[in-house]
């Protein structure tokens, strides 16, 4: 696959195709393309066998592309060359050329006739058999055929050719093939067809034109011969003997080809044209004088030059009616060609055997044999670099890239006839020697020359008059007999002399044959050596091709790896930048964390100092308050004891008629200064009176503290003895309990203290929390009887909550910041702190600290026994 870039027109400004090297081009999207409106410009590179730039001449293109196909044609091998591209890309110019610069077709014809000119057979020696093959006629039949048709002679010089196309052929650029078999005769036949709307029409057919009822041209059909080769049935094949005559036939068909003016091309081809050059060759006989009359020895090779119509988009050409139909058929046939190439590529690469849809289009069906390996196929991709054809050019490049991956099998070489080589040369040498000898003897040089025949007749005796006027004449006939006898004797002498000369010549020819045999043996040895060298060269060529393919593959891989490396380098740079950014961010966060840790350590130390002072102050205050309360309780108990003592003495005096007991003195409040330093010593209370359980009356269930009975204790009243005894025992119990509390409060502040609740406090707090009444077996409250104890109601009078028994800080509705550093370990201990309404963080932030009122830090350190110890440090934030 080759690529040719057309120069930009005068009205075109932007170019979308760039030639990178002799085998690579690069396509870049124009600025206004929809795919590039987002700012992404995509450039694509494509590789070909060779790329021809805008300055490439037609001769350079022919030397690289078409000349090898012409050489294969002369060597009995088929070839196919077609041009492919969008409309207006220069396909027809590449194939046909222009005045002063001929294209591939006229140059190919010129090379063929320059190579086989001296070895062409006479007209009508080869004759088409209407089945794609050739027949051989004898000399007499060929002569009769020539006389019958009375064909005019071809122009003897190039100056006599049609001036319309005479400038397309240049004699100074004529080339020639050197490997021509001189022992064969050749004849050239040309045909010209077009595929229009998927129908085949013969452009060389001489149809009679009827002006009254004009008829459209008759389409042709494809057939398959016995060798499974495709041919057009009924197609006109014209035998030509010169380049001018062949190109004149082509120009005749070119005028009939369908072209039209479209929006994109002023002379747009509306059909696919196929110009076929058939070369028939047959070997000479053993004498090298005449063609071997054997049809099986006739070899027919052909070269097809195809000018495909350009693919086009209807939205650009604005085609309507018949033009729209033509464009649809053109695009459909090109799509079928692409499908066949894709299936061939898949079958070769994947090893499948899918059926190739050749019959979907006439073009692919006609060239089925070439794709199956019956010849060499070459394609020239014509590219128009203007920006308007970018999208169509992209599709053409993809098709060309896919086509390069299809490999066509090499055709099998034709068998050799088996006759000795150099037959024509030996025959020509014999003729030249005979002519030389005749010249030396003054005899006739050319036996067909009438002048020489007259000289031979003059050397014979003259004949007498042969008229018989009288029947009795007996002299005329004897004279005639005598003259004829003389002529006979002269002829015999001449025959003997001719025989002697022939023997001499035969002997000389035998000597020449011996010399030629030796030379043939030498040539055979040289040819065998040459064949061995050719085999070595072919193997080296195949090795070179393999290495070239491998080199291309490696270059492609290197390009891919370079692109991948560039991508990785770019990713590496971006990741390095991101890493540096994150390291800076991490360093900043570490700095902020250290700063927050310093702040938190200062806050924790300040809070610890503050709480230590607060705890010392509260302990001192509580001690003073408890001492005051104990003093008040002592005073109240003394008053109660005095009342009980007074009531018991009055009752005994009333019984015994004694005097009333003396009122005890009012106790004095001790000094506070003394109480601060010395713990208060209580006097021992008198032991309670022993009361036997049998002496106590039975109290009913409703007569306890929860009964509705009210007990009002006043200064002077009468009370049953049993009630007094019960009260005394209760007072004694309370004194014992309060003595224990006083002793615990008298301990030094530094020693650990157990915060216990008295019975009254525990009962009241539980009752207040749970809303329960006193149970019958609950203890008597510590409040004096005369201070509002409502025994009838069975409920405790409302008292303030003791400040020492306040609720925990964490039990409230405050929000906590639970700071657990990342370095802490998760310990599976039984006792785990549970902090509701907590925001768990690994690194404290100002946002989290601003939303919460409390802060707790989980600090872990190694204990003396080797275990990990967890400490909770709590701080008030607001």
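A Cβ is built for glycine as well, from the same backbone N, Cα and C atoms used for every other residue.
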Scan 576-617, 744-785, 786-827 against TrEMBL and say which stretch is down as region 'Disordered'.
744-785
In which DSSP state, out of helix, strand and coil, do we find residue 86 (ATP binding site)?
strand
Would you count the other CB atoms within 10 A of the CB of residue 89 (ATP binding site), including those on all shown protein chains?
27
Give me the mean pLDDT over the domain 'Kinesin motor' (1-406), rounded to a whole number.
81
Across all protein chains in the structure, which of the binding-site residues 85, 88, 90 has the highest Cβ count within 10 Å?
85
